[in-house]
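Now, the feature entries from TrEMBL:
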TRANSMEM  A:30-47  transmembrane segment
TRANSMEM  A:53-78  transmembrane segment
TRANSMEM  A:99-123  transmembrane segment
TRANSMEM  A:135-158  transmembrane segment
TRANSMEM  A:170-192  transmembrane segment
TRANSMEM  A:238-260  transmembrane segment
Amino acid sequence: MPSRQYHPIKAMIKILKYSFYDLMRSRWSYVYFLFYLLLGFVLLFLNNDLSKAVITLMNVIIVLVPLIGTIFGVMYFYNSKEFTELLLAQPIKRSSIFIGQYLGVAGSLSMSLVLGLGIPFVIYGLFESNAIWDFSLLLITGAFLTLIFTALSFNIALSNENKIKGFGYAVLMWLFLAVIYDGLFLMSLIVFEQYPLDSFSLAATMFNPIDLSRTLILLKLDISALLGYTGAVFKQFFGTYIGVVISFVMLGFWTLIPILRLSFKAKRKDF
Amino acid sequence: MIQVYNLHKKFGKNQVLSALDLKIEGGGIFAVLGPNGSGKTTLIKSILGMVVPNKGSISVLNKPIKSGWKYRQKINYLPQIANFPGNLKVKELIAMIKDLRQKPSEEDKLIALFGLEPFMDKKLSTLSGGTKQKVNLVLTFMFNSPLIILDEPTNGLDPATHIKLKNLIKEEKANGKTFLITSHIMQFVEDVADEIVFLLEGKIYFKGSIEALKTKTEQTNFEHAIAAISSN
């Protein structure tokens, strides 16, 4: 019998495709997509100002995208448990299965985001506007946040057999990075007021993907004057070409490290 | 066909398999039996590479499996719980598995055998448990592989399908296939199995024909023989 070549990347792309289609047909993808579509239209036609709409959107995206990525990631992982077992019995490498599923979920969420917000903005006349770069940055960071938080939630779900526990840890992770981290950060800034905190603030921002995205967008929007002295330091850093590159490299690390851990852990897990 | 040597597997503090040795030659139907929690599914999943053993080695078709995955193209596996992505239609699921395996398949014959034609365009989430199990069976039997592993294949099947399944298994056996089956339905095992592999406390407690088992336990009824060997 001729033996066929089972290429791991090819298999991964196939699994990605199936997970993606599966999600694209679920009601929640549409709800998510329609939500952004509605948000985009409402903001544009109430605000009538593209730049202001971008800022409002940023505030929504920075909090909501990680939350949806986390919850969808955990839910998809647990719901597809039996399906994963079916795939595990096929001649497919384990990492192809998990990374394929991950990219399917993250890809469909990113698409809902980009299309849902993109369509109203294009209709409104984005291409003739100066806000196109701000808006693109917003969508790119939104996509990154989706990739990062879906990857983190897949890791949590893989390491926790118990659904309730996994769900709880995932939501806690989101809460920590979206809310608690900022609180701790601000508190430390107040406590150590008399010390120079520029490098500390920069580092602290780098170690939280949500803060990093927020800072990146805010500084691009040229409202850093609101941020005072630290803002000036940030402006100096993020405003430069190098600063932006480093920020994106950090977002890349935030994406890559959870994916590597996922692939590593998946190889050693019992199903 | 399958060689298992000194297999150990622990889940937390629970030692499921301890120093299990098993050798299965090609051809024939082997029923893996044992009380609940005796390690049947763990043994099967170790052979499939879904469970990573703590110690020991497994060879399938004379090749050690280690962390490989290509050997699974020679195995068809029916999982215990038939649960699939609910948004997919039956025909899409079948097409998907075909696409992933890249092997010639004969699903049409099986779809007709199990009477699944009216369900091909239905979403999997709308199917009953028994119909899902039929889809599961089509997915398992549609490829031509030398080793077929069935975990509780009779789950949720009506009597007519049950008989069809038995005939299908016998047919495939006549084609020289090797079967590993777990089941709690003793009548089913007695009808199809050539040999019994009885697991107890993580070891092979008995391996041999049904007749040998009856002689050993001095029972005339198979179900009583199994009950007797479990309580010894």
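Cβ coordinates come from backbone N, Cα and C, glycine included.
Heads up, TrEMBL stuff is auto-annotated, nobody curated it.
It should be emphasised that the depicted structure is a prediction, and the values quoted were computed from it without experimental measurement.
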* Taking A:99-123, A:170-192, A:238-260 as candidates, which has the most Cβ pairs under 8 Å with the transmembrane segment (A:135-158)? -> A:99-123
* Sequence-remote partners of the transmembrane segment (A:238-260) [C-beta within less than 8 Å, at least six residues beyond its ends] -> 99, 102, 141, 144, 147-148, 151-152, 154-155, 206, 209, 212-213, 215-216, 219-220, 224
* Asked: Taking residues 6+ outside the transmembrane segment (A:30-47), which of them lie with a CB under 8 Å of any CB in it?
  -> 53, 56-57, 60, 68, 109, 112-113, 115-121, 124
* Cβ under 8 Å to the transmembrane segment (A:170-192), counting only same-chain residues 6 or more beyond its ends: which ones? -> 62-63, 66-67, 70-71, 73-74, 149, 152-153, 156-157, 200-201, 204, 208-211
* **Tertiary contacts of the transmembrane segment (A:99-123) (same chain, 6+ residues out, Cβ under 8 Å)** => 11-20, 22-24, 29, 32-37, 39-41, 44, 50, 57, 61, 65, 68-69, 72-73, 76-77, 80, 84, 135, 138-139, 142-143, 146-147, 150-151, 154, 259, 262-263
